[in-house]
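Have a look at the structure below before the remarks.
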Amino acid sequence: MSSFNPHLKFQSQAVAKPYFVFALILFVGQVLFGLIMGLQYVVGDFLFPLLPFNVARMVHTNLLIVWLLFGFMGAAYYLIPEESDCELHSPKLAIILFWVFAAAGVLTILGYLFVPYAALAEMTRNDLLPTMGREFLEQPTITKIGIVVVALGFLYNIGMTMLKGRKTVVSTVMMTGLIGLAVFFLFAFYNPENLSRDKFYWWFVVHLWVEGVWELIMGAMLAFVLIKVTGVDREVIEKWLYVIIAMALITGIIGTGHHFFWIGAPTVWLWVGSIFSALEPLPFFAMVLFALNMVNRRRREHPNKAASLWAIGTTVTAFLGAGVWGFMHTLAPVNYYTHGSQLTAAHGHLAFYGAYAMIVMTMISYAMPRLRGLGEAPDARAQRIEVWGFWLMTISMIAITLFLTAAGVVQIWLQRIPADGAAMSFMNTADQLAIFFWLRFIAGVFFLIGLVCYLYSFRQRGRVPVVVAAPAAA
């Protein structure tokens with residue numbers, strides 16, 4: 001923040017850089033723990049008892065959530081000042097919150113790794129307000145309180161920025177999504193003793209995040225980048241955004257019912273959940289049409305080709321992961337057999353990567369050259385390396401999804417469909433899936449190589465040369 005950056009419209013946008021950098025560091029950690037878990041699937045005692053599978057999985061999923069949150073916050077700190085046409089309300093507050101959130105995140109992960117979970121719960125006085133022990137919400141209560149404090153400070157900062165500046169559809173949708181993210185997280189503090197009731201409130205956090213308000217955040221970030229790289233009129237893009245978020249909210253909120261099939265809810269949810277969750281691919285399909293339409297109607301050739309590729313890629317991959325693979329097992333008669341199988345893991349991996357990891361990397365790809373003082377785009381070599389990273393990660397994730405899908409089909413065929421006496425046991429079924437898990441691990445290694453390419457592209461210091469017209473002859 002101390003040095004002037006001529007490539008930023010507002011100097012306070014520079015606070016986004018540490019958020020983006022830390023997000024990518026956590027992303028590397030998530031992938032590494034994913035590879036460890038992938039190997040533990042086929043080499044059961046790998047790193048045991050130093051790093052049990054359940055601990056590796058907890059770190060893997062928590063890193064996913066936290067790095068995406070850092071990415072969303074960095075995106076907001078970059079786009080909100082530009083959309084509001086004014087400086088960020090308090091850059092100093094943004095930096096303070098960064099260090100608070102980063103410290104809380106690192107300490108929590110270290111706690112998972114070096115302290116037995118029961119001891120961690122006792123150490124952090126979970127008995128005063130029990131919130132621990134649930135998937136994705138394993139954080140100690142003190143960490144959850146810290147997340148709420150950081151979220152409130154963050155929303156105050158960008159909210160005050162919006163109030164004193166211009167109001168646009170993009171910034172309003174982004175703010176709505178971020179407020180929803182904070183509000184729905186509050187359900188994490190309610191942990192009823194009744195397991196059926198607990199599952200309802202757990203899904204109010206998990207589902208209404210990833211299939212609800214996070215889609216608003218994704219839509220706003222995508223719209224912002226497309227405005228910048230295509231030059232299409234803002235009014236056209238905003239109309240598309242209205243349609244997309246309306247579909248996302250209607251299908252996403254009522255579509256929560258597909259999680260109510262087997263947790264003790266009334267039978268009507270078998271129909272409601274199936275019908276509305278079958279409509280959930282629509283907003284993702286609309287995003288594909290939106291991105292392709294805007295690129296075809298572009299009024300300028302933006303020099304950052306890599307960012308444009310990420311913008312299109314995130315819509316297509318999100319539609320495949322969240323739309324196609326989500327629909328595969330969302331209808332109640334099908335979900336009866338597929339629930340909790342490797343097919344669920346296939347959907348989860350491609351959906352999270354396509355919808356949220358890729359949109360954060362899209363934003364970083366667009367913003368980082370400016371944040372690093374390089375102008376609109378890095379040089380051609382850096383972009384080639386980044387494009388290699390895009391294709392390696394995306395193809396590898398699709399391969400991971402296909403291998404997990406094959407594993408899920410075999411698992412369902414051997415373990416779920418046969419009658420009780422003929423069904424194969426869980427562990428015996430797992431032995432039959434080893435080939436798919438080995439292939440998944442190999443694809444994961446290529447994914448890591450792609451991520452390294454993406455990160456290495458930012459080490460290039462070159463920039464796109466500016467062509468200056470020669471002076472006219474006298």
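Cβ atoms here come from the backbone N, Cα and C positions, even for glycine.
Among the candidates His207, His302, the residue that Swiss-Prot annotates alongside His258, His259 as binding Fe cation is His207. By the Cβ criterion (under 8 Å, sequence separation of 6 or more), the transmembrane segment (95-115) is in contact with the transmembrane segment (19-39), since 3+ such pairs are found. When the Cα atoms are compared, His60 (heme b 1; low-spin binding site) and His347 (heme b 2; high-spin binding site) turn out to be 17 Å apart. When the stretches 61-81, 207-227, 243-263 are ranked by Cβ pairs under 8 Å to the transmembrane segment (308-328), first place goes to 207-227. Tallying C-beta pairs under 8 angstroms between the transmembrane segment (19-39) and each of 145-165, 169-189, 207-227, 348-368, 390-410 places 348-368 first. Around the Cβ of His60 (heme b 1; low-spin binding site), 19 further Cβ atoms fall within 10 Å across all displayed protein chains. Here the binding-site residues are His207, His258, His259, and the one with the most other Cβ atoms within 10 Å of its Cβ is His258. Of all the binding-site residues listed here (His207, His258, His259), His207 has the Cα closest to the Cα of His349 (heme b 1; low-spin binding site).
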